[in-house]
Amino acid sequence: MQKLSVAVAVFAALTALVGVHKGDSSLFVLVAAAALCAYTTWRAADMSSFLKIFAFIFSTETIVFGLVGLAQAEGLWPESLKDYAPPETMPLTVAVFSIIVYAISHIPVVREMTRIADLYFSSRDRGEGRVWPFKPFAARERAIAIAMVVVLVLLNQGQVGITVRLSFFNRDWYNAIQEKNASEFWRQLFFVFTPWAFVYVASVIIEFVLQSMLIIRWRRWLTEHYIGRWLGAHTHYGMALAGSGADNPDQRIAEDVNRFISGGEEGYGVYSYSILLIATLSSLVSFAYVLWDLSGNYPLPGTEIYIPGFLFWAVLIYAAVGTLVTHLIGRTLTGLYFDRQRREADFRFSLARMREYSEQIALLGGEPAERGALLRRFAGIIVNYLAIVQKRKQLMVFTSTYGQLSPIIPYVITAPFYFAGRITLGVMTQTASAFGRVESALTFFINYYTSLANFKSVLDRLSSFDHAIDTARGQASATQIFSPTDGADIRLRGLTLALPDGRQIVTVDDLTLAAGQSALLTGPSGSGKSTLFRAIAGIWPYASGEVLTPRGAKVMLAPQRPYIPMGALADAIVYPGHVDDYSRADVQEALRAARLAPFVERLDEENNWGQRLSGGEQQRVAIARALLAKPDWLFLDEATSALDEQLEEEIYAMLRERLPGTTIVSIGHRSTLHAFHDRYIVMEPAPGGVFSPRDKVHA
Ligand code: ADP
Ligand code: MG
């Protein structure tokens with residue numbers, strides 16, 4: 001950026017020289033703008049990476065268009081290319097754009113937006129790209145994305161240029177029609193309109209493809225980013241525990257990321273707020289110039305007095321009135337749409353819940369109650385729908401009328417001049433089309449502005465999600481209670497466990513779990529046994545003290561209700577490993593050992609196993625999992641509670657036989673469990689309303 005800034009400064013100096021040389025004081029506006037642009041470009045070095053792309057484009061264009069302009073002023077521009085020279089005002093316009101980019105980078109909403117956009121545009125990840133018909137190539141993902149943005153902006157600007165050019169075609173064509181000049185009519189059609197229209201269509205297609213690719217790449221990256229951060233370091237668990245401000249992480253990852261980038265049904269995303277905004281702004285500025293120039297054709301009726309930019313002011317007022325009325329009629333619509341999303345989501349969620357608890361509901365005969373609740377929810381959707389229809393009907397009366405009028409209005413304004421013979425038909429139609437362009441650009445802007453509230457809520461949801469992740473991570477890293485030791489035992493020293501609200505529940509002065517000595521932990525329900533296991537497993541963030549674990553030891557914890565992932569049974573057995581990590585025979589053998597022999601044939605069956613298997617079968621899946629994983633330490637948190645005593649005994653005997661190198665620590669209530677353990681620990685009340693584990697001799 002700094003090199004570019006120097007180049008812009010050199011260009012400003014050059015322009016000043018030419019200005020002095022030619023005695024052309026009008027050039028000094030450009031000199032001032034270019035000097036300011038050089039300054040903001042310099043400062044842009046520490047601006048957001050995303051905004052830098054745009055500042056870079058505009059500053060570069062300032063130099064390029066500026067040099068072309070100087071060449072023209074000095075008579076160095078070839079005569080044959082005269083038609084292709086950019087308008088004189090171009091360098092000034094793009095210099096101002098570059099300055100604007102710098103200025104808006106200080107607005108809080110923009111900062112928040114670019115902070116999230118920058119995650120992608122300053123990432124260091126590798127990516128792969130492919131430009132047809134060339135071979136795929138590897139590059140930084142960021143570089144690919146930036147290149148796409150640059151091309152998209154240039155394409156959009158090119159399209160605006162073509163539209164401006166075509167508006168002059170429009171003028172000449174209608175003039176030819178008015179003058180009944182057939183040869184000019186056809187010449188304009190075939191040699192001006194056709195090639196430009198062709199280029200325009202091609203550029204629209206390329207733009208569409210590029211834009212779609214950019215959006216999906218960006219979304220893929222951002223989704224991976226958030227999933228990675230959410231799942232990393234057990235953050236998802238810490239966030240759920242803390243009940244942090246970030247509800248529904250699923251919605252944030254699946255919907256908000258997409259809405260942030262490409263916008264949703266009723267809003268615009270960051271793509272619209274950057275590239276499309278620039279396209280619209282360029283279109284507005286270009287046609288405003290055209291209209292301004294055309295205004296020179298229209299003196300006040302009966303006089304020779306010209307109001308500068310008369311047509312421009314007319315369209316400004318027209319568009320402002322139109323949008324104001326639209327806004328006044330439709331302002332409640334935003335709230336209704338918002339409401340609709342919430343109601344639809346609620347309805348969908350209650351249907352999904354119904355499916356999840358289908359068995360429990362059937363057992364209780366709860367269908368009528370469910371039907372009532374579902375239909376009540378749906379009635380809310382209908383009420384909202386009807387309110388939207390009502391509002392849109394009113395809005396439609398106005399917008400349809402306005403839509404019908406819009407193409408007519410400029411003709412009404414210009415007709416007196418045409419009939420008085422002051423303007424040609426071509427000027428009239430060109431005025432009408434420029435009027436339409438400026439009008440729709442202005443309307444667009446006002447829409448952008450009003451959808452900002454929607455976009456802001458998406459931004460806020462992503463920001464608070466980020467924030468909650470950071471908080472959970474900070475908490476997790478602040479409670480680094482683990483230290484690896486060279487010994488073989490697990491030792492807890494000065495350990496204090498608390499609840500998310502800060503209330504302490506467990507203290508452990510000094511407890512050593514010796515390797516090879518199986519232990520049974522019992523105690524009243526709610527005395528923190530499971531929490532103690534969670535702390536040993538390293539997922540409980542509200543802990544202080546020390547947990548010394550043997551270096552490199554593999555610790556596995558089986559909870560009372562094991563997790564059964566979606567998919568084939570084999571996937572559930574080897575979870576979180578992969579089926580390829582184990583031989584088929586080993587998996588089958590583990591199943592048989594866990595007394596699940598009937599399922600050996602159904603390993604590849606995809607099913608909702610989490611609901612299909614009985615509680616006891618699910619617990620045995622966890623046992624089979626442990627057999628395959630062969631951990632050094634196996635913590636069983638009431639992991640056999642759903643088995644009958646006979647089966648429980650068999651399972652314990654089998655575990656001891658098959659996992660001789662594994663130390664088993666269990667939580668359980670049944671007295672029959674004592675027989676399978678070497679040591680007996682009880683959670684006992686200690687001062688301060690907490691519980692502490694104490695050794696007991698089993699009577
Ligand atoms: P145990 O396994 O001994 O029955 P737990 O360790 O599961 O007990 O729970 C100990 C106490 O901590 C209980 O009072 C329980 O309600 C509370 N508790 C556990 N998890 C949470 C949580 N995520 N948020 C708030 N309280 C919790
Ligand atoms: Mg428990």
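Cβ atoms are placed via backbone N, Cα and C, with glycine included.
Whatever TrEMBL says is automated annotation, not expert-curated.
Here is what TrEMBL says about this protein:
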- 25-42: transmembrane segment (TRANSMEM)
- 49-70: transmembrane segment (TRANSMEM)
- 90-110: transmembrane segment (TRANSMEM)
- 143-168: transmembrane segment (TRANSMEM)
- 158-454: domain 'ABC transmembrane type-1' (DOMAIN)
- 188-210: transmembrane segment (TRANSMEM)
- 268-290: transmembrane segment (TRANSMEM)
- 310-333: transmembrane segment (TRANSMEM)
- 490-699: domain 'ABC transporter' (DOMAIN)
Counting Cβ pairs under 8 Å that sit 6 or more residues apart, are there three or more between the transmembrane segment (268-290) and the transmembrane segment (143-168)? yes
Excluding the flanking five residues on each side, which residues at least 6 beyond the ends of the transmembrane segment (49-70) place their CB within less than 8 Å of a CB in that stretch? 1, 4-5, 7-8, 11, 14-15, 18, 30, 34, 37, 40-41, 77, 85-86, 88, 90-91, 94-95, 97-98, 101-102, 104-105, 110, 114, 117-118, 121-122, 142, 146, 149-150, 153-154, 274, 278
Reported mean pLDDT - the domain 'ABC transporter' (490-699): 87
